[in-house]
Structure formats: C-alpha cells, structure tokens
Amino acid sequence: MRFLTVFQRLLFGLIILIFALSGASAVKAQSDPGDGPDSILTAQVQPLLEKAGQQGSLRVLLRVKGAFKPEGLLSNAAAVAAQRAQIGAAQQALVAHLAGMTLGSPFRFATLPLVAATLTAKGLQTALASGLVSDIQEDIPVAPTLAESTPLIGATSAWAIGYTGAGQTIAILDTGVDKTHPFLAGKVVSEACYSTTDAVHYSSSVCPGGVSESIDTGAGLPCSLEISGCDHGTHVAGIAAGNGVSFSGVAKDATLIAIKIFSRFDSVDYCGSTQPCALTWTSDQIKGLERVYELRDTYDIAAVNMSLGGGSFTTPCDSDDRKLIIDQLRTAGIVTVIASGNNGYSSALSAPACISSAVSVGSTGDGSSGATVDAISYYSNSASFLTLLAPGAVINSSIPGGGFGMKSGTSMAAPHVAGAWAVLMSVNPLATPDDIQAALVNTGLPVFDSRNYITKPRIRLVPALIKILEPFLTQKTYFPLIGK
C-alpha cells in the first residue's frame, strides 16, 4: 500500500507539472505580439497619436511586417523578385486595411517594406492595432544643412597623376542643380524630383507642374530662388564635381545625377523668419535614394551626397527607416555621404548622418577667408561615431545663375568626401565601399577636437589613392605632391 501511495503521489505530481507546463505554453502563445501591437511599439507611437490628435493628421512611415534583406545580399534575381512580391502584398494589405483613413494616396516603395501616408489619429490607431506593421515613424521635414579646399585635400595632386573621377557619377540629393551653370555644363546625366504638397503642414511641391514626382528632363533644376535655401544644391554639386577655369570641384570629370527632394514651406513654425523655405520630408529622401538604386546599372554611381539633416543622436540611429535603403545602396557598391549637422554638438550627430552604414562628415577650415587650416569648425557636429572630416568653412562654389559664392557648413564638407569617393573609384572601380572608407579613414590627417577630446581623420586624397592602388603596384612608385 505504501508503494501505491508513493506511486500515486508521483503520478499526481506529474499531472500537476504537465498542467503547469501546458498552462505556461498557453500564456506564452497569448502574449505573442505577432497578431497585434507590442508594448514597445505602442509606447513609441503614443506621442505620435497625441500629435495627430492635436493637428488633425500626421505624416508617417509605416514598416510592414516580414523579413527583409538589402537586395545586394540576396542570392539571385528570383530571390529579389520574391522579396519584392512579398513586400508588395504586405503593402497592399496594409493600404486596404487603412482605406478611408488616409489623407491622399499612400505611397508604396518599390524595394523597401515601407508605406508613406498621412493618417488621422484614428487611422494611426488602426495601423497600430492592425498587426500588419512592425514600426511607425514620423515623416519629418528637415533643412539643408573651393579654390583653397581642393588643393588642401590633395585633389589637384590626384588630377596631376591622371585621377579626376572620370567615368564615375555622384548623385546629389538636394534642392536641385543648375545644369546650365558653366561650372556644371554637361555634368548632369539624369534628373528627378520628389516633393510633397500637404496643406495641413504648409508644404507644396516644387516639382515641374506641382506634381509629387518626376523623372523628366528639367526635374532636377533648382527650386525658385525666392524660396530660402534653393541655391544650396548647386553649391554642393559644384564642390563635388564642378569643372572650371581657375579652380574645380574634387571629382572634376565626374558626372552628376540631380535629384530634387525638397518642398516649399510657408509657415513661421517651420521656417522662422525666412519663409518661404526649402525643407525635405524623410519620405521624399527615401524616394530619391530608391531612384539612385534604380539607376545603379545605368551609371557607375560612386556615391550619394545628402547635405541635410536634423535632430540630435548621441548613439547610432539604426532604427531610422532611411537605413533600409542606405544599406541596400551600400550592398550595390554605392555609399551615402551625409553632413553631420551644424548645431555645434560635441557628442551627437544629426539624422540621417547618425546611421552607422552612412559616411558622416564633419567640417574643418581650409585656410581661406580667415578660416584656420584643419581646425574643427565651431558649428560642426561631432561624436565618437563620426566617420570623416573635410573642409567646410567658407567654401567657394557655384550658385544658380552662373555665379559663385561662399558658404560654410558640414553641407560643404560632405561633397568633398563624395567627390573624393568618385576619384578613388575611378582609380579602382572594383573597390568596395569598405575599401574606400578604410583608405580615407586610415590615411587621413588626424585632427583633434578640443570640445570632446576626439581625434578624427581629415581626408587626404593622394595617400588614400595610393592605398587603393596597392594591390596593383609591383614596384616602388614615386608620387609627387602627396598633399598636406
């Protein structure tokens, strides 16, 4: 009897254990977030819900659920097609679910698991509860952030030994490029415009005819100069690839893709006292980047330049939706060079420069017009994860209408790096983004920032060029004029 009692107790305990384990499994299954919003996403979206309620609507980027890899990491064309089909089906399901709750037509990205939409608070709540999205981010508008600078970084020395960026293309995502300027004559090989009309946010398209997107000839011309900031893109393009009589941009024989991604804003809230002003929505930036990706087999695109940004990030901001397309471009051999921002932060970068797979660029002086050579510009954002430095103080370059003008900012530093990237790719078109980045970082002139005690490399083109050439050198080669 005692044996039976012990056995019965063991059996009873085993039944209890099985019940407990099955109950635990049931609890786990009930808390699976796959069919609804998780607590982290709900908390993240709560401020957006409040903002949508206050404003009546909010522009957002919705990331649909599903596995995603940059297309350059997929094994073959069939895998690319399958991923695009999966993304398209998920986008369609989400758009159908939000029918009647969007202002205007949602935009579905061709290669990325994103939908851009303007939603009411109810629509945002519906998207959150749908179980169809893994992330929701606000679509935020941000602002656009050479005679001495090109010799300083060694560009003129690179030209002297035959490396000018010929055969390479740089995409300028900005306020448009004056392709009729003598400094940029014959440079622009492709144009596009992505710009938004949104009356709620005082935004209107600057694309030809007021359309939201265009890839027609003339689409990449500058926005009207009555809008503050619309001379910015032409100045940036000249630094990267201008070709003049007395001085030139860094990659003087490279070509350009001009993609206008800014919109006109007529609001003191957005522009301050300088209205109307040019600002760019995140969604239009991603559209522009996706257009570059679409052109990857048409042109040998070395780099994208984005002299824009906003916000303050003390660590890499890799949850930013722009990382999806920046990664996709990088796997296709195209790097995205981004200005670090002009807020004077000593421990933070603006977005999207804070994305780890982008190349962020801060500003130094080049010795012209009172700027101290290789001194960190007081306005230049810096952090431990900043990639490179380049001249950005008082830089002379093209402005719309055929003239030239001086501008300062990390906006001017970034195209020095984009141009340098094109020159190095013309040296070795098979070099990867990692190869070029390592060459520029490892051969740059160390510059100390007294604000944060961080040292970062200011680019030197010829030493980087030699580094890229190393696999091809069979004997010692003499390179004059190495650069400062």
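Here the Cβ of each residue, glycine as well, is placed from N, Cα and C on the backbone.
TrEMBL: automatically predicted annotations, no manual curation.
The model shown is predicted, which means the values in this text are computed figures rather than measured ones.
The signal peptide annotation in TrEMBL covers 1-29.
The annotation domain 'Peptidase S8/S53' is assigned in TrEMBL to 165-444.
Its Cβ taken as reference, D174 (active site, charge relay system) is surrounded by 32 other Cβ atoms within 10 Å in the chains shown. The active site, charge relay system annotation in TrEMBL covers D174 (among others).
Under the heading active site, charge relay system, TrEMBL lists H232 (among others). Every protein chain considered, the tally of other Cβ atoms within 10 Å of the Cβ of H232 (active site, charge relay system) stands at 27.
Sequence-distant neighbours of S411 (active site, charge relay system): residues of the same chain at least 6 apart with a C-beta under 8 Å from its C-beta are P144, T145, H232, V236, S307, L308, A339, N342, G392. Residues annotated as active site, charge relay system in TrEMBL: S411 (among others).
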What does DSSP assign S411 (active site, charge relay system), in three states?
helix
